[in-house]
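A.B. asks: There's a structure below that I have some questions on.
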Amino acid sequence: MGSFIYKQLLTNSYTVELSDEIDAIGSEKTQNVTINPGPFAQTGYAPVEWGAGETNDSTTIEPVLDGPYQPTRFNPEIGYWILLAPETQGIVLETTNTTNKWFATILIEQDVVAESRTYTIFGKTESIQAENTSQTEWKFIDIIKTTQDGTYSQYGPLVLSTKLYGVMKYGGRLYAYIGHTPNATPGHYTIANYDTMEMSIFCEFYIMPRSQEAQCTEYINSGLPPIQNTRNIVPLSLSSRSIKYQKAQVNEDIIISKTSLWKEMQYNIDIIIRFKFNNSIIKSGGLGYKWLEIAFKPANYQYNYIRDGENITAHTTCSVNGVNEFSYNGGSLPTDFAISRYEVIKENSYVYVDYWDDSQAFRNMVYVRSLAANLNTVICNGGDYSFQVPVGQWPVMSGGAVSLQSAGVTLSTQFTDFVSLNSLRFRFSLAVESPPFSITRTRVSNLYGLPAANPNGGRDFYEILGRFSLISLVPSNDDYQTPIMNSVTVRQDLDRQLGELRDEFNALSQQIAMSQLIDLALLPLDMFSMFSGIKGSIDVARSMATKVMKKFRNSKLASSVSTLTDSLSDAASSLSRTSTIRSIGSSASAWTNISSQVDDVISSTSEISTQTSTISRRLRVKEIATQTEGMNFDDISAAVLKAKIDRSTQIDSNTLPDIVTEASEKFIPNRAYRVMDGDEVLEASTDGKFFAYKVETFDEVPFDVQKFADLVTDSPVISAIIDFKTLKNLNDNYGITKAQAFNLLRSDPRVLREFINQENPIIRNRIEQLILQCKL
């Protein structure tokens, strides 16, 4: 829309596309989201890219289907199915107890007429009768002899299309599948000394625990899962199941590498983590039956323990994240028991424990890699909390439990009252446990989780045993310490100062009367327009943000807002677009003639409010005198205004930050502009919405783009403080005169204050929405 409008203009000087400027400013905006886990649990460092990241849980989960493995000879463990998956016919399995049982399994392909075949079994050539009458299915047969030189007898068979065969040693027997799919089931052979029998397997195979026998039967009858049928699965050697053990000391400090100034140290350390929860219980006023809040709070805990004969002093900070909020309301009477909000941690929550001790590992915990930890699980049980109401039996909240499982470890920084500590943050995920919690004498019962009422359950602390390891880059001289503490403290102090400034600014906005807030909302709207094309001024304002908030609170600007906006309105109404303006050919001369109309204001520039009025009048001239022959209001702001301000003796570099704060691009970012043609108004916003309507009835009419473009070049352009929807709502519910409508369309601050003083909810709500954007 913006580019189409300006294409209609005669542009023989510097031009700026409004839509491009809006997009550019919008792309530079950032939104800060603050996560506050507690004043003593701020994370100062994120995990480095070359760190270990998440640590795996130490629990070993036995797979359902382990394999495939390459053909081999081994003694299978008792109670495990060996699932054979041969590709071709022939001998697939041999096993013997070397005394009275020689056992082998043969696979016969489809459609085989009875014939004698020669196989090599246990190193000897044997003739075995082979037959398979099925046209589509394969056949496994078991052959057994009882003496080394005896003859084989056939048993089984197993007929199926999946070409799978299962065998297992268990309970003094050798189990093997027999029958016909889909009803194949395990059969068995009694064999002495079965536990010492080794098996020679001549095809790929899998291993399954006996507990998964039902799944094994399903595979025999229906086939392996699809992932096992791909040719990308490569069988491994059975030796890959072996575990290589390495002996290591419990606590180690190992030098990995060393240069002249730095060395890498690997620390393998056992730790004892003790922590406790803290809470805040706030009772409401009144008769004593209402509770306002029961919430978790960060808790510090310091303790000592012995590690390898050394007395260790440790410090932990426990905080929670992702709490669940509950409430209970027993009724509307003042004597009805009620809790407005109480917090519960459940399976969607996390517990953070920041750990530090006085050992060598934590002295230089700055440049760290290969960070890993293994911790035990702990169960946290809630205790009882009695709500002491004035009369009657006390309701009691009791029960609740969660288990904490280690979910990772990162670096962090703890800020105590005296020092900042580089520490480790252990993150724990939660699972709900029994018993559930309830509140006696209420409907609250059988809810799972750990409530904040008594999360420690009368214990002094919870304890977790574990071990962590890391590699740290430290100075070669052990007496030196990595100089990081000061910079951390400076950053923390700066954050606190900025937070205080924001709080002061927001508190100020709440203290100013509503009428002044209206004026305050109008002022940055004009400031935004003035500086929208002057990047340098905005950069100055950004760099002076904190200075602005300090000065703004103590200056006369807040008390002079009403006078200032009155002067804005006067400047706008007194301006006449004469033929002299139209005949001007250069931007500079146009500015000179326009500025001469406000010379009466320039004489007094001692106060910030007067200087602001001077700029604002020039600004309003810029907005009203939109398009002349050869220039538009963006041309004035970009090509002329900055040069004039830079040369002005009344406006210096220290005044600009006082007027244009970092909020100059945040106040009312969704701008809307309107032009008026008689009793018809055309309105277009920066987000692409547009309206056309009659002033008297506020009935919408078709929006004529060409007419809007022509009016922009030849009519005043007004910033739309009260938008079309608000005006129409006001007219439909209260009715307004034509004069009031025109004043609202012109954003006359006097008229706006009149509506506010009359407690008009529609205008008040609109202004409050704009003011909400003024908060930092």
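Glycine is no exception: its Cβ is also placed from the backbone N, Cα and C atoms.
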A.B. asks: Swiss-Prot lists coiled coil for one of the ranges 134-154, 491-511, 596-616; which is that range?
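C.D. replies: Residues 491-511 are the ones Swiss-Prot records as coiled coil.
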A.B. asks: How many helix, strand and coil residues does the region 'Hydrophobic' (389-409) contain under DSSP?
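C.D. replies: Across the region 'Hydrophobic' (389-409), the residues distribute as 0 helix, 14 strand, 7 coil.
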A.B. asks: By the count of other Cβ atoms within 10 Å, pick out the sparsest of the disulfide-bonded residues Cys203, Cys216, Cys318, Cys380.
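C.D. replies: So among Cys203, Cys216, Cys318, Cys380, the disulfide-bonded residues given, the one with the fewest Cβ atoms within 10 Å is Cys203.
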A.B. asks: I'm trying to understand the geometry here, so how far is the Cα atom of Cys380 (disulfide bond) from the Cα atom of Cys203 (disulfide bond), in Å to the nearest whole number?
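C.D. replies: On Cα coordinates alone, these residues lie 51 Å apart.
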